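Participant: The structure is given below, and queries will be raised subsequently.
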Amino acid sequence: MLTDLDLEHRDATKLMETLERGSRCLVLITVSFQIICVLLLINNILLHITIRAERDLMKSYKSTVEELKDNYTDLMNEKLQSNFSFLIQKNTELKARVDNLTAEKTQLQTDFEKVGSVSFFLSTELKSWSESRQYCKDRGADLVIIKSEEKQRLITSLIKDRVWIGLSDTEQEGIMKWVDNSTLNKGFWYKEEPNDRGGTEDCIEMLPLHAAQDNWNDFPCSSRRKGVCEK
């Protein structure tokens, strides 16, 4: 039989065990709560850092966008200004070209002569024989071909300077050909011409202040003369 003392001791032991278990549970709960608090604190810190980083990133993005917009606007303004300046320059150049062509047209009309359906005019610039021919071609003409005394007298009456005509022996020395590739039959040569002095005189010029029947002279093709164009 258990005595009252034994019962009291047993009850005290159970109570102590119960208290110990409760104490351990309390400690466990306290530690768990502290861990949860630490985790929540860490989470809040990380969340704060993330939010701040996102806010800073957004500010940086907005700043970059504004800077890009400003740069784009500046570039567009510079491009527009450059295009405007280019167009102004081109307009000035075109106006000068038109003025030059107008002056040239006026000069051509001044030096213009027409016989039947054929027109003659003098080039306005000093050029080599080939350049003078190109000048005529650019205007739908060519250096003049003279196959009659009447035409020879007419051209002679038009000139005041030494001028190129459409005759040369550049292809074969001594074989004079017109620009239409026809061979010369009758010439109106100055005395002792053509003489091909120095072996370089292959293009034919007409001399002013000479009689129409003898005013042709062979001369180096690179020399600069006006040309008589025929259209």
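The backbone N, Cα and C atoms fix where each Cβ goes, and this holds for glycine too.
TrEMBL labels come from automatic prediction, so no person has curated them.
This is the feature table in TrEMBL:
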TRANSMEM  26-49  transmembrane segment
COILED    51-111  coiled coil
DOMAIN    115-230  domain 'C-type lectin'
Participant: Using DSSP, tally how many residues of the domain 'C-type lectin' (115-230) sit in helix, strand and coil.
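Facilitator: Breakdown, helix to coil: 26 helix, 36 strand, 54 coil.
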Participant: Near the transmembrane segment (26-49), which residues from the same chain, at least 6 beyond its ends, have a CB less than 8 A from one of its CBs?
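Facilitator: Residues packing against the transmembrane segment (26-49) from afar: none.
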Participant: Restricting attention to the coiled coil (51-111), give the mean pLDDT.
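Facilitator: PLDDT averaged over the stretch: 75.
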